[in-house]
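A short write-up of the structure that comes next.
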Amino acid sequence: MLKSTHRAAAGPGSSDTTPLPAGWTEHQAPTGHTYYYNAETNRSTYTRPAIAPEQEELLIDYGATKPDREMQASLNAMQEFHRNNDPNQLRPGHFTGGQSYQDRNRDHSRPNRQGDRPKTKTAIPDCAPWVLVKTKYGRRFVHNTETKESLWKFPSEVMMAVIDMDRVEWEKKKLAEEQKQQEQAEKEAAAQRAEAKTAVQPVPQDYDSDEYEEVEVTDDEDEGGTDPATKRPRLDEPLDQPSADQPPPGPQEFNEDDIAWQLAQMEADEEDPGYDYDFDDQDEEDGGMPLSNDDRDALYRVMLDDHNISPFSTFDALIDTNTPTANAVISDNRWTALPNMSSRRAAFDAWSRDRVAERNANEAAEANGAVSSTNDTSKKPGKLDPRIAYLRFLAKEATPKLYWPEFKRKFRKTPEMTDKYFADKDREKLYREYITKLKTSDAERKKEFTALLKSIKPEDWQDVHVPLSVEKDLRFYGVRDEESREELVVGFRATLKH
């Protein structure tokens, strides 16, 4: 037996006193039933309408902090998940979102997704065989490659893996954007530095204000006149200026005859026995006077002494490129202090004679019980060796905090930096080697110092406190404190007596 589910409407004597919403009125039907009518919507109903509850005011917490990267990625993934699983957006049928005829007639505002199709497929980490498929219109669904099953609604374990994957992808995009912004900022900073560098052009050192000429251009020239631009003559120009018919001084074009003449002159120079292919491309000392012939000869002699060249050898043996000594001498910048090979040969012969005579004099003095105190006759009496003076200067002033250009600019006026008997490239080389040595530990430098003292022959320590070869060595100044250095020397000399 069927049971009726009809509920009788409240009659006139109903005790329901709930107020009606705005626009609704209560009426009595001829059959005695109570109905309710809304004049605005022209709607009637037997069910008593109720007043809709008031919505709570939305409160915004302006003090809330922005979610971190992981939380933001999770929120984005959850929003995507709910959007894909919204029943108002999904339609029954294939993943292409096909709609029935009635649905298409009712919903004209939605875009036509009839042509939607898969665009990309991405493997989900730790969720094989599930893959994440993204369609042409940006929608996503999961597909099982084994069962060939496609789902708009993600399974729980797959959803968590997709959230992690979205978070990692979001972090990569964020990092790429930050790197791109940093590179852009570096490019802008480099461009600004380049603009600032080109804005201030240094004045050339060889600039001479006397060579300045002021040119006045008249209006007639702009109109096609034939009058040349008038120049204000220099005050120091001679009165016998060339006439206007002569060509103005300036760059001239060389023809074939000029080139042939230059080639003939070059061949004639090569046939000259005193001709040398080496040219001194090194500038003179900054701000110093040019070297005289005596200065160049003395600089050449110092180079021979520094390389320990035997005075009994010949000049031809010296320039033999098959020996390491010859390569070292020719590579030395002081080799080009003299202009050609003939002058170098003459200077070498004179140096050899002086050194042989000095050695003979020393041997004779030693035979008589006297010891010569002169170590280098090429230098003035009482003058310290330039290399030793520079190394002592480095031991006092060098610091790893200064690069070579800064150190050179700071001490450019000191005697050790302006000595013309010592090349600037040699100063730079010793400075860089010394700074590298200072970066090592004190124990390491003391170990090298002791090894240097032990490498000298015992007979070289006789009649001298410190041999000249030791003072010229960079390892000797690895111990910067003079007192500590003296203590080590005295202690080593005590071992020699035993």
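Every residue, even glycine, has its Cβ placed from backbone N, Cα and C.
Source: prediction; values computed, not measured.
Feature annotation from TrEMBL assigns compositional bias 'Basic and acidic residues' to 103-119, 179-196. The feature compositional bias 'Acidic residues' is assigned by TrEMBL to 207-225, 267-287. Positions annotated as domain 'WW' by TrEMBL: 18-51, 124-157. Annotated region 'Disordered' per TrEMBL: 1-30, 83-123, 179-294, 362-381, in sequence order.
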- Query: How many helix, strand and coil residues does the compositional bias 'Basic and acidic residues' (179-196) contain under DSSP?
  - Reply: 18 helix, 0 strand, 0 coil
- DSSP helix/strand/coil residue counts for the domain 'WW' (18-51): 0 helix, 13 strand, 21 coil
- Item | Per-state residue totals over the domain 'WW' (124-157) - DSSP helix, strand, coil | 2 helix, 14 strand, 18 coil
